[in-house]
Amino acid sequence: MSLCCPAMDWCTLPLARRLLEIGTSSPETHYGISVAVKKRSRVPGVMITQFVERLPAGKSTPDFARKPMTTTVQEGKKAFFKAMVSGEPPPTVSWGRNKGEMDDPEKYSTRYDERAQEHVLEILNVKHDQADSYKCFATNEYGQAVCAVTLNVIEAFKKKTQNANGPNGQAAQDFRSMLKKTNVVTRKKQLPQQKEGEIDPKLLELLLSAPKKDYERICLEFGITDFRWLLKKLKQMKKEREDEQSKVVENLENVKQIEVKPTGRAEFSFDMKLRDPNSAINLYKDGAMIPYDDDKNSKHSLQKTGINYLFSIKDPQREDAGFYQVDVEETNVLTTDFKVPDVEFVAKIKDTKVIQNEDAIFQCVLSTPLNKIAWSKEDALLEHGGKYEITISEDKLTHTLRVKDCQMADKGAYYVIAGITSSSASLAVQADSNASMGTKASDKSKLVSEKQKFLKKSTDMDTPKQTETENENDAADRSDKVAQENIEDGKEGTDGEDGRDGKGIGDGTGKINDEDKCDEDGKYKNLDEEDKSTTDDASDKKKKPSRAALLVPDSDLDRGVQFVRGLSDINAKVGERAELSCKLNSETSEGRWYKNGKLLTQEDGVKIIKDGACHTLIIECCEKDDTAVYCFEAEGRKSEATLNVQDPPRLDPNALGEFTNPVIVRVGENAKWKLPFSGGAPMNIQWYKNDDELLPAVNVKIDTSDTESQLRLIKCQRKDTGEVKIKIKNEFGIIEAVSRLIVLDKPTPPQGPVEIIESAVTSVEFKWKPPKDNGGCPVTKYIIERQQVGRNKWSNLGEIPGSPSYKDTDVDPGRRYCYRIRAKNAEGISDYLQTGDIPAGVLRFPGPPATPKVVSAFKDCINLSWCPPCNTGGTKILGYNLEKNKTGTNYWSLVNQKGQITDTKYAVKDVFEGATYQFRVSAINLSGAGEPSFPSEAIIARDPKKPPGKVTDLKLTSSSYTTFSLAWTKPKEVKGVEDEAQGYYVEIRPIESLEWTRCNATPISLTSYTVLGLKAMAAYWVRVIATNYGGDGEPQGFDNYIIAMPPPVRPRFKDRNMKTLMVVKSGNTVRLNINFEASPMPDISWIKDGIPLLKHVTITNTDRGSQLLIPTSERSDSGIYTITVKNIVGKESFSFEIRVTDDPKPPGPIELEQNIPGTVTLCWTPSPDEKRDDRLHYMVSKRDSFKRTWRTVADNLFNNKFTVVNVMPGREYYFRVFAKNDIGLSPPSEPPVFSLKKEKEKFKVDMPQIKALDFKSPPSFIIPLKRRTAPDGYECYMSCAVKGDPAPYVTWYHNNISLNTNTSYHITNVCGVCSLLILRVGPKDSGEYKVVIENKLGNAESSMTLNVRE
């Protein structure tokens, strides 16, 4: 007989399962009348419409977990709208717009991002007409949620095309551009306004994008001098900003703030790698979006090279200053502040020429003080330090750049940038003359011929006269100078320096003509025209020889007299000596000196000296008229310099000496100072008192003339005492003079508190502190008054000398007194200081002294010492009593029988040899003897001992991270050399220290000790010292240092039965403790599925274990966690699985089908958790009207269909389906009722015709085996359906080995459904599985492959 049934797949996993598409039934069918209930969402801007009046249990209307946001994009870019929805059943999402359709797939694209669980609408190429209001609809069978969002489109900045004109040369009309447009200015969310007393929000935004080295500069611009208190808040904000940026940016680094470059463009840049290359990048200025493109000629442009983004502003102006921000989508990635100060160059930097290895200086002067300006060489920014020295003057107007030790590589263009203005100059570096090269021999003949033409042309011109203008002489001299320099070696600027440096030729101006240039081979090239700026102002003067002529070599032209050292500008003060000197290369040459073009001689009051090649001009006593330009000329060569005679403020020594004497006045009197001065006008006079500037007021009078200044202070008070200073300043210098004002007054009261020195029966002695202010003159006496407590009368006890103490000997015992103390100086008597009540005649005994210490001990004498008591009882200590006690007795006997001991040491001689004694001491004052001290340590009366020897057998018995345990043997006693040890000291020394630390303050008697409080894994030297009364012996230590650690142990996990699987309900806390043994302290690392742990996972490590903590678990925390413990001995790893899930939700309604009599097929809607939990499966239970109890008919179902067999007619059946996972069962689905009526028919016997039919058939597979993949450790169910007549015999094989007799596998064959169940799959179960069926008509086989997933 042949049996067959529908195919059933028992092991299909959710990842491979086809999701069933269930049609949505109308709400009226199941839940009554349809309604439209409007309600608001918790998300602002979302409207929800509910279709049914009452929602079924577990169902909900759609809603937005995150609604799409309004977006502004540039025309031609991509736009994105993203939304996250919720609802049960999950809603479908659709999009629409207000003014058009969205059915064009080339313009609009929708998708669902499973990783982010976001529905995305992508507008591929935004056009201006797509700016509209868009709507997002989320719909399921119970309702609909809708949200509106706006797309703003800004016009892209377009380049001007060359074909702007039509074919006829006329401009083509663009009617679209002629239409009136409304420009929508998109604004970024504004920063909050700064509130009074709070930080400016702009400061925090700038610090978030700035490097740490710029924090101080930025804070100073906002008036904050100490920004350390900001760092904690800034660190928190930076972490939040990085979390926001990580959503759109994978990496952001190398951020550079905005600055003006030598090219004249303001630029800022950064390296950024986007998560989505299509993300919109927006540029804002002061909160308003500004357009940009990739054209460098545009006002704002963006150049992208790899991951580098460079924003630039062409030709920046003052209106371009502002607060710039760069956003990716809606996340800020950079903030920079572009400030344009109102500054110009008063003096720009000039071209400089130096010899190799010398320093070059560039200097500029600004119109407005600036703390810093930018220096650069070509396109590289120069910083202070090393090669470059940047200095700023005190007024912040003059900025200087010094290039140290110039080399050939340093020549080129240098730039200085202040605000948006810049200045540039070139640096020429001249090689050393010793390294210069001559002109090539091949060119010498040509140069000689050119020389002859040049000389012939020169003889046709008149010799320059003295009366010619200075401009003509300068031009000629510069021509000669350049000619000489060029002839010398054929290279640019090899020996020519200006006359001021002593190496120039000519007028010493140091200027070089642009016409004379040198090519790479050392040959000179000539420009076509002469530089117009170096010619005469009047063109009608005599023309000079052309400097464009070729020059001759150095060997063929006599260079004549040259300056070895030229004149240099000097400054001199009026009345001082000034000296100008220069040096020629010839000792025989004569020269002349000029002052402002006028010849100088000895009769002009100057001294002219010639010493060989050195020429000197000396002005012994400079006057103001000596300021001039001085020139020295010799044989047509000259060098000039400027003498600036300065006239700084000057003071007469006698008047200054009188001014510095202190001015002494009494309170209420006036003080006066007067000081004459001289110097160049104008003068600025300022008076100061105690460094505070004095300004004219009621009590301050200042009178100043051209030669004198006077200060008067009216009605001076004691507080006016202090330093008085005058500061005189002009353009040449500053001078100061200091005096002192002393205002005399009576002293202030004496200072308390009053300290009682002695309070005896017959006297009271006390002391106080002198007055805080003695009134300007010393306190000579104190006036004492006394009052007996309880009386009103004060008695004058008289005056005492200036010592602040008093002893009252006229007191009555038992009474209390109060005293008043006044200070007296030459100006008067102060107010009084009143003491508290001072008792007289009260017995106040002293406290106990310190415990006596044994200084030395002998057989007939013991020497002791002690310290006085802290509490003297209010009187002086008169002496001490010393007592002794012999060990074994209770009697203390007085040692000092002849009288009290006045010192704090004593030699006790009344002792017996070999006896042991203890001593105590008590102090004595006027009231008597006080309490005795604590007894001293026991001491034996005997001669000193010899120190003991070294301990032996020192060893380390155990150790840990914080302790050492030591043991040793007592040293041997050698009579006369080493005595017996009475105790031991243990000392340690860290390996990085040189000092030993004693672990025990007192000696220990045991021969073992444990050192505590060590630092883990630290290295220590250890030694033990034996000691006795004779002193300490020699130390005994280890040969090597000891490390504070237990003995080395390879990492090993302690718990043998550690679980490899943990199932946790979502939202609960995951806490896993792993205990191990390892020494030394191991390195512990955790990974999840081969990658580092996320931030919300907390790891706590100790030396004995590690704890993993997830405070609130989520499904994404599921995975394989691996801990690795590693130290120097080895490493060990352990892996376990954490599975985070939740109570499963029930499956949907069950549908019943009957295809074959006696069976019923159940189909149900999957549980919503099925796609999130790959371990979710189903269980089917059945109840009939006969037994009335529920019975499980199927379990471990991984699909949504099951066929129940043996259904009896005439009974009603109820079915339930449960979703099941590692947490447990879900509520059951709604149970449908199935019944099969048993129809009774009349008994009728029909005799059938007997026909011979043959139903035999060979075996075959209706449903073959399918390939399976099962997780390691889980059960696996595989099946197939077969047919054949007679019924075939079924044999299962694994890798060609029969399984029919293997008890590890559960094999069944029910109604032609052949099944194999593996309860716990392992790696050994992977391989090929085969089913062979056979009967007498034939055989068939089906095979599959099982893969086991780790």
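Just so you know, glycine gets a Cβ as well, placed from its N, Cα and C.
Just so you know, TrEMBL annotations never went through curation; they're auto-generated.
Per TrEMBL, compositional bias 'Basic and acidic residues' is recorded for 449-468 (among others).
According to TrEMBL, the compositional bias 'Basic and acidic residues' annotation covers 475-504 (among others).
The compositional bias 'Basic and acidic residues' annotation in TrEMBL covers 512-540 (among others).
Annotation source TrEMBL lists domain 'Ig-like' at 62-152 (among others). The DSSP breakdown of the domain 'Ig-like' (62-152), given as helix, strand and coil counts, is 3 helix, 55 strand, 33 coil.
Annotated domain 'Ig-like' per TrEMBL: 341-428 (among others), in sequence order.
Taken from TrEMBL, the feature domain 'Ig-like' covers 553-644 (among others).
Positions annotated as domain 'Fibronectin type-III' by TrEMBL: 749-845 (among others).
Look at TrEMBL and you will find 848-943 (among others) tagged as domain 'Fibronectin type-III'.
Annotation comment: TrEMBL describes 947-1048 (among others) as domain 'Fibronectin type-III'. Helix, strand and coil residue tallies for the domain 'Fibronectin type-III' (947-1048), in that order: 0 helix, 47 strand, 55 coil [DSSP].
The domain 'Ig-like' feature in TrEMBL is assigned to 1051-1141 (among others).
According to TrEMBL, the feature domain 'Fibronectin type-III' maps to 1146-1239 (among others).
Positions annotated as domain 'Ig-like' by TrEMBL: 1258-1347 (among others). With DSSP states grouped into helix (H, G, I), strand (E, B) and coil, the domain 'Ig-like' (1258-1347) comes out at 3 helix, 59 strand, 28 coil.
Positions annotated as region 'Disordered' by TrEMBL: 449-547.
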Arithmetic mean of per-residue pLDDT over the domain 'Ig-like' (341-428): 87
Secondary structure composition of the domain 'Fibronectin type-III' (848-943) [DSSP: H/G/I, E/B, coil]: 0 helix, 38 strand, 58 coil
Helix-strand-coil residue split for the domain 'Ig-like' (553-644), DSSP-based: 9 helix, 46 strand, 37 coil
Tally of DSSP helical, extended and coil residues in the domain 'Ig-like' (341-428): 3 helix, 48 strand, 37 coil
Composition by DSSP (helix, strand, coil) of residues within the domain 'Fibronectin type-III' (1146-1239): 0 helix, 41 strand, 53 coil
